[in-house]
Amino acid sequence: MTDKYIMAIDEGTTSTRAIIFDHAGHKVADSQREFPQYFPQPGWVEHNANEIWNAVLSTIANAFIESGIKPAQISGIGITNQRETTIVWDKQTGLPIYNAIVWQSRQTAPIAEKLVKDGYGDLIHQHTGLVTDAYFSATKIRWILDHVKGAQERAEKGELLFGTIDTWLLWKLTGGATHVTDYSNASRTMLFNIHDLKWDDQILQLLNIPAAMLPEVRTNSEVYGKTKDYHFFGSEVPISGMAGDQQAALFGQLAFEPGTVKNTYGTGAFIVMNTGEKPQLSDNNLLTTIGYGINGKVYYALEGSIFVAGSAIQWLRDGIRLVESAPDSERAARESHNENEVYVVPAFTGLGAPYWDSEARGSVFGLTRGTTREDFIKATLQALAYQTRDVVETMKKDSGIEIPVLKVDGGAARNDWLMQFQADILDTQIMRAANLETTALGAAFLAGLSVGYWQDLEELKASYKPGTSFDPEMGPAERTNLYEGWQAAVKATQVFKHTPYHAGK
C-alpha cells in the first residue's frame, strides 16, 4: 500500500486543509489556506461558499505539488467539515443565492425564539435530539428563503438546493452529479429525525421548508460519487467518507465503544460521548446527535458544545494583545503565582452547553490591585477546563456512565499546563492523542474503510499509538473550592444583561 494514499479535506471555520495520509495513518502532506470571514452586522457571521470551494481546490493542488504524490495514487477522499453552516444554491448554475450562514451566526435567533415561544421546543428536541437554537441549519435555511427575493417559490419548484459544507463540496467535486449528506451532518440541521433516520415532515411543515431542496442522507463510509477529472487533475477518485468535524474526531480517536469520550479543543470545544446504538435524550441541555453510521449500524452520541475555547487564546493574542503566540499563554500560566482567585468567563457569543444562554457576555471576576498579566492569562486558560467540567458532569448525569479517561485533541491540547489543570479539575485522566489531527484522520479512516484501503475497525485499532497522559494531582478540597468559584462566576455572568446605547438608533 506504500504507493497508495487517502486524502482528507478538512474544511473548518477559518481555513481549509487537504491532508494526505499513508496506510499507517501518518500525515505525508498537509496544505492549508485561510479564507475571509464576513460580519455584515453585529452577531452575524458569513462565508462566501465559492471562496471556500476555491480554497479546497488550492489546497488539493498544493498537497500534490509539495509531496510529489500523484492524484492517481489517491484511493479515496474523505470530507470533514464545520457543521451546521448553511448554503442554498441554484441547481442549474451552481451559484449560491446568499452567503453561507455560519454556525456561530446569531442572525436567525428570532426564528428560533419564536419556535420556542410557540411551544415547539419539546417536539424539536424529541425528534432531533437538539435544543431549538439559531446554531443549527433549520433557522438559517428559513432566513435565506425569507430574505432572498423569490427564493421560497424557487425552492418549491425544485430550482434551489440546500447543503451543509459537506454536501456543497461533494456536489462541486462531482460536477453537480451528487446531492448527498451523511448521518452526522444531517443530525445537526434540526430537520432530521434521529429515530427514523429521515427528514422530519412535521418540522419541515412547521418551518415551510420544501423537502425538494434537501439532500439524500447516507452513511458515513461509502462511495458517494467520483471526482470529475477536471477537478482532480485528470483522475476520477472515489469520495468515500464524510462526517462533521466533531464526529470525525470521535472516529479518529477510535472511540468505537459506548462510554468513550473525547474533547476537541478548536475554535470552540466539543465534548462527545459514544452512547451506542440507541439515542440517549438529554434531560440537562446536552445535544443528542448521530456519531456515525457504518457497516449497517448507526451509533449515537451525546455532545456538549462550548462556543469559545481556542478563540479565547486568539482573543488574548489579537484582541487585547497579552500574548504574542499561543505557546506564550502556557509560559504565562506557569509564571502566575496567585491563588486562582481570578475567573474569566469567555461568553463572547453567549454560553453553550449546558447553559444555552445566548444573551450572556464575557466577564471577569476576582480582580485585585495585585492581579498580573500572567494571572489574567492563566484564568482564561482555566476557563477552557472549567467549561469542559460543566459538560462532563452533565454528561455523567445523562448517561449514568462514569468517565475514567477523557481523550483530547485539537490545537489547545498541545498546552501541557492546560492539560494538567484539566486532569486536576476533572479528577480524571487526560489522554492526549499521539496524532492531534484526529478530525482529518477520522475522515480518512471512513473513506479508506469503504474502498478497502483498511479492512475493518480491528485493523485501525491495531495501529493505535497512545499519546501523553496527564493524571490528577490536585487535592479534593482545592478542586471543589475552585469549581465552586467558577460556578459562582457563571451565575453572576448570567445575571448581567444590558443593551449598549448606540447613538442615532
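Cβ from N, Cα, C; glycine included.
Note that the structure is a prediction, hence the values are computed from the model and not measured.
According to Swiss-Prot, the sn-glycerol 3-phosphate binding site annotation covers Thr13, Arg83, Glu84, Tyr135, Asp245. Residues or ranges marked as ADP binding site in Swiss-Prot (evidence: sequence analysis): Thr13, Arg17, Thr267, Gly310, Gly411, Asn415. What Swiss-Prot records for Thr13, Thr14, Ser15, Thr267, Gly310, Gln314, Gly411 is ATP binding site. According to Swiss-Prot, the glycerol binding site annotation covers Arg83, Glu84, Tyr135, Asp245, Gln246, on the basis of sequence analysis. Per Swiss-Prot, the feature phosphohistidine maps to His231.
Locations of recorded Swiss-Prot features on the structure.
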{"residue": "Thr13", "record": "sn-glycerol 3-phosphate binding site", "Cβ contacts under 8 Å, 6 or more apart": "Gln82, Thr85, Val102, Trp103, Gln104, Thr267"}
{"residue": "Ser15", "record": "ATP binding site", "Cβ contacts under 8 Å, 6 or more apart": "Gln32, Arg33, Glu34, Phe35, Ala55"}
{"residue": "Arg17", "record": "ADP binding site", "Cβ contacts under 8 Å, 6 or more apart": "Ala8, Ile9, Asp10, Glu11, Asp30, Ser31, Gln32, Arg33, Thr59, Ala440"}
{"residue": "Arg83", "record": "sn-glycerol 3-phosphate binding site", "Cβ contacts under 8 Å, 6 or more apart": "Trp103, Thr164, Ile165, Ser184, Asn185, Arg188, Gly244, Asp245, Gln246"}
{"residue": "Glu84", "record": "sn-glycerol 3-phosphate binding site", "Cβ contacts under 8 Å, 6 or more apart": "Trp103, Tyr135, Phe136, Ser137, Lys140, Thr164, Arg188, Thr189"}
{"residue": "Gln314", "record": "ATP binding site", "Cβ contacts under 8 Å, 6 or more apart": "none"}
{"residue": "Gly411", "record": "ADP binding site", "Cβ contacts under 8 Å, 6 or more apart": "Tyr265, Gly266, Gly310, Ala326, Leu436"}
{"residue": "Asn415", "record": "ADP binding site", "Cβ contacts under 8 Å, 6 or more apart": "Ala326, Pro327, Ser329, Glu330, Leu381"}
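All protein chains included, Thr14 (ATP binding site) registers 14 other Cβ atoms within 10 Å of its own Cβ.
For His231 (phosphohistidine), the same-chain residues lying six or more positions away in sequence with a CB closer than 8 A to its CB are Leu57, Lys172, Leu173, Gly175. Neighbours of Thr267 (ADP binding site), defined as other CB atoms within 10 A of its CB across all chains, total 22. In the three-state DSSP reading, Ser15 (ATP binding site) counts as strand. Looking at the residues that bind glycerol per the record, Arg83, Glu84, Tyr135, Asp245, Gln246, the two CA atoms farthest apart are separated by 15 Å. Take the mean position of the Cβ atoms of Thr13, Thr14, Ser15, Thr267, Gly310, Gln314, Gly411, the recorded ATP site; other residues of that chain with a Cβ within 8 Å of it are Gly12, Gly266, Ser311.
The number of other Cβ atoms within 10 Å of the Cβ belonging to Tyr135 (sn-glycerol 3-phosphate binding site), over all protein chains shown, comes to 28. A helical conformation is recorded for Gly411 (ADP binding site) in the three-state DSSP classification. In this record, ATP is bound by Thr13, Thr14, Ser15, Thr267, Gly310, Gln314, Gly411; the longest C-alpha to C-alpha distance in that set is 15 Å. Cβ atoms within 8 Å of the centroid of the Cβ atoms of Arg83, Glu84, Tyr135, Asp245, Gln246 (the glycerol site) belong to the same-chain residues Gln82, Thr85, Trp103, Arg188, Gly244, Phe270, Ser305, site residues excluded.
Gly310 (ADP binding site): 19 other CB atoms within 10 A of its CB, across all protein chains.
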